[in-house]
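Here the structure comes first, spelled out in structure tokens, and everything after it is commentary.
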Amino acid sequence: MDSQTPKPNLVLILDFGSQYTHLITRRIRKLNIFSLCISGTSSLKAITDLQPRVIILSGGPHSVHSEDSPTFPEGFIEYVESNGVFVLGICYGLQLIVQKLGGEVRIGEKQEYGRMEIEVERECGLFGSKAIGSRQSVWMSHGDEAVKLPAGFSVVARSQQGSVAAIENPLRRFYGLQYHPEVTHSPEGMETLHHFLFNVCGITADWKMQDVLEEEIKVIKRVVGPDDHVICALSGGVDSTVAATLVHKAIGDRLHCCFVDNGLLRYKERERVMETFEKDLHLPVTCVDATEQFLSKLKGVVDPETKRKIIGKEFICIFDDFATDLEKKLGKKPNFLVQGTLYPDVIESCPPPGSGRTHSHTIKSHHNVGGLPKDMKLKLIEPLKLLFKDEVRELGKILNVPEAFLKRHPFPGPGLAVRVLGDVTQGNALDILRQVDEIFIQSIKDAGLYDSIWQAFAVFLPIRSVGVQGDQRTHSHVVALRAVTSQDGMTADWI
């Protein structure tokens, strides 16, 4: 799916750093509307090239009064008004609209955080058929407040404290909410977004996963020439498997898959995934045992970020070698490498707007995003990079990937290296962790809980604790068990 190809009903979110921004993207996609999230400080060309129908200005931790506060590019207002683009500002986004269009925003005397009630003051487009005086509970998170609106704007809802909660100027197609409609703490928030997108903006719900599949196949065929060969890095996880199946559907036997046993896999992972690849998916897979190569490089390494970089580099070296061997067999060098990068991977590897950094405040680097060497010889194909995990699973169903495989919990690219907190080669940490993880996961399955959990795993801790085994006092290793729930891998809660 090409983010640069204009979509007739695209809802574009400009991210100004809110922790909820990407939740907006997910909520809108759930309405079968295609949405993308890009930096709020993107160039005007980056915005206009996408030809959005609606632009949402996200919230953020900044104050519009700060010198370094992020804002949309010069010419933005002129562009949206001359092209009939609807604009919705959320929280900081509302304040940005007010300030840039001639209103006034002040540091609030009554700062509002958490659950609040708002009351509709007048009939309006934002709240549809909601009667004047009707109330609803919403989630507020702001210190500044709009005290004077630009010409032509109206206050359509206020908080219990009298602060502006919603504004609009239908003639100019500008709207604003001072609260977060996308979070579950705003129970009627999705109803408001639904009404705004469909009834106010006239968006059509025409984004379906079958269309994504067909478009992605076209993109792959366009990028990969009729005589080109492609290798795919199979990790054994859902993402790379769906990516491989998709590319195989597009180019057939010109795809050559490589599964690397890096010595950091789960219990009997190699045997289990190879059986699935060969018997269920009929993918051409070569298994490379690189256990010694990886573990020797990781010996003595404790920092998890360093581990990720080392593992990423070794993966690329192996794939380069695989490509070289393949070239000897085919008489032609493969030019492309397929990876199962997802949208959260891309998001997590991007810098937050207004951070003053040219590089991200890294949540994590990925061997398929942040750890790629600059001199890598293979060109990347990432057919899932604009999809969330649940969307990848939906795509996998269409591609007839076995349902049991699609329901597997996410597993990190660097494997157990980031679940052993310390040197992975020290003692028998990896063997202990594999056995603990297998017992934990099997227990969850036996209890009928596996499918209701987003991710469950064990962590080997760099500490020892006193215990009793067989009537004897022991002083041995400690493991932690964790299980979380999530819808898309962007936010999670313990279970």
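Even glycines carry a Cβ here, placed using N, Cα and C.
Here TrEMBL flags 207-408 as domain 'GMPS ATP-PPase'. Taken from TrEMBL, the feature ATP binding site applies to Ser235, Gly236, Gly237, Val238, Asp239, Ser240, Thr241.
A map of TrEMBL features onto the structure.
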| residue | record | CB count, 10 Å |
| --- | --- | --- |
| Ser235 | ATP binding site | 25 |
| Gly236 | ATP binding site | 22 |
| Gly237 | ATP binding site | 18 |
| Val238 | ATP binding site | 23 |
| Asp239 | ATP binding site | 24 |
| Ser240 | ATP binding site | 22 |
| Thr241 | ATP binding site | 29 |
- Message: Beyond the listed site residues Ser235, Gly236, Gly237, Val238, Asp239, Ser240, Thr241, identify every same-chain residue whose Cβ lies within 8 Å of the center of their Cβ atoms for the ATP site.
- Response: Leu234, Val242, Ala243, Gly340, Phe411
- Query: the domain 'GMPS ATP-PPase' (207-408): mean pLDDT?
  - Reply: 84
